[in-house]
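K.L.:
Pasting a structure below so you can have a look.
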Amino acid sequence: MSENQKKHIAILGSTGSIGTQALEVIAANSDRFQVEVLTAHSNADLLAEQALKFKANAVVIHDESKYKALKDRLFDEGIKVFCGRDALAEVVEMETIDLVLTALVGFAGLKPTMRAIAAGKQIALANKETLVVAGELITKAAREKGVNIYPVDSEHSAIFQCLSGEFHNPIEKIYLTASGGPFRGMSLQDLKSVTPAQALKHPNWDMGAKITIDSASMMNKGLEVIEAKWLFGLKPEQIDIVVHPQSIIHSIVQFEDGSMKAQMGLPDMKLPIQYALGYPERIKSDFPRFDFMKYPQLTFEKPDYKAFRNLQFAFDAMQKGGNAPCVLNAANEIAVKEFLAGNIGFLAMSDLIEDCLQNVTYIAQPRLENYFETDSETRAYASSKISSL
Ligand code: NAD
Ligand code: MG
């Protein structure tokens, strides 16, 4: 492939779990993909290393204290260096970018994702929080701009893969599979005393800290339900969760004739990342292959809504609509941060989220600026409650 036939990619959050795996995929397929922009929060050393290895055109570092040293290191190599939140939102508009992989974590993804869509860039979306917060605005903007949003989340990639060749056929319902996380089977009583260190040990996936805690509290699945609603245009009653501890079946679509299609494979995020970057092609890979004899039993269970209250909160926030999912997300971001810092217990995370959903100002039809207000109000309210939990 000649240089200008390659897909030119910006990775927001290139130093994280998804970002580094995306770079592995790109390194293995350098005939197809060219790195254009890389960004990170504060790991300037890794960002510089990546920029030099992949000959990036530009980088953005969020942490201003790291800017000067990074610029000194990359300037002579002809790599542009920017810093700060506004730069992140601006850099995605660069003319040379074809596709933006949103692999940063949390609400911080909203602004750059909106700007990338407005600039007509294709999106490979890992940053599910953005779609949870503002799914209606984002999917509307993408439709208007003719921008495709390719899911990177493994469950949503599975649904997307099952829908290939079926886009004219209505979906009856989807089943999102959930591993159940490290605390599957535990009661509320058991969950009282679990620690951050225990919550950070996921049985099947190696991921960033925030999503690992979300998996332990089942909030990750709650966020994914809302993500699926927007990605696939579903009603809440068309989305179900099934616990599948082996994480081999990544999700299932049921059509109106009763037929079900599932996508399966070993749990490895490189596959959905590669599918999103390479769509519509399946690129040959050397990822390890599934062996049936190593998994003689694939099992399924009902999710426990009593022990994992976050699941119900997510369904409730989705039903309520408006800015409720934005409140859910911001409250959860604060809850996870405070749990990881050892300031609140595991179950207090759900108490905090419930409190925020009941007390933060409800807006039925939010505009973009309302999401920023709701996010700030929720964070301030949640932070003020920490000492009483
Ligand atoms: P991570 O913590 O490993 O990496 C996050 C990246 O974003 C880092 O490069 C960090 O520097 C950057 N970043 C963090 N906060 C930022 C901010 N405020 N401004 C700018 N940059 C910032 O996270 P991850 O596990 O790679 O997850 C990234 C996203 O992908 C999340 O939304 C997560 O839910 C989603 N996701 C991850 C996985 C996985 O396997 N890790 C699977 C499915 C979905
Ligand atoms: Mg997932």
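Cβ coordinates are placed from backbone N, Cα and C, and glycine is handled just like the others.
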K.L.:
LYS128, SER154, GLU155, HIS202, SER215, ASN220, LYS221, GLU224 bind 1-deoxy-D-xylulose 5-phosphate according to TrEMBL; which of SER164, SER179, SER187, SER193 goes with them?
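P.N.:
Only hit among SER164, SER179, SER187, SER193 in TrEMBL's 1-deoxy-D-xylulose 5-phosphate site, alongside LYS128, SER154, GLU155, HIS202, SER215, ASN220, LYS221, GLU224: SER179.
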K.L.:
Of the residues ASN43, ASN57, ASN148, only one is listed by TrEMBL in the NADPH site with THR15, GLY16, SER17, ILE18, ASN127, GLU129, GLY208. Which is it?
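P.N.:
Looking through ASN43, ASN57, ASN148, the residue TrEMBL assigns to the NADPH site is ASN43.
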K.L.:
Go through the binding-site residues ASP153, GLU155, HIS202, GLU224 and tell me which ones have a CA within 10 A of the CA of GLU129 (NADPH binding site).
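P.N.:
Close binding-site residues: GLU224.
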K.L.:
List the binding-site residues among THR15, ILE18, ASN43, ASP153 whose C-alpha is within 10 Å of the C-alpha of LYS128 (1-deoxy-D-xylulose 5-phosphate binding site), in sequence order, or say none.
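P.N.:
Taking THR15, ILE18, ASN43, ASP153 one by one, the ones whose Cα falls within 10 Å of LYS128 (1-deoxy-D-xylulose 5-phosphate binding site) are ASP153.
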K.L.:
Identify, among the binding-site residues LYS128, HIS202, the residue whose Cβ has the fewest other Cβ atoms within 10 Å in this structure.
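P.N.:
Across LYS128, HIS202, these binding-site residues, the one with fewest Cβ atoms within 10 Å is HIS202.
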K.L.:
To the nearest whole angstrom, state the Cα distance for the pair GLU155 (1-deoxy-D-xylulose 5-phosphate binding site) and SER17 (NADPH binding site).
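P.N.:
Here the two Cα atoms lie 17 Å apart.
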K.L.:
Within 10 angstroms of the C-beta of GLY208 (NADPH binding site), what count of other C-beta atoms is obtained when all protein chains are considered?
P.N.:
16
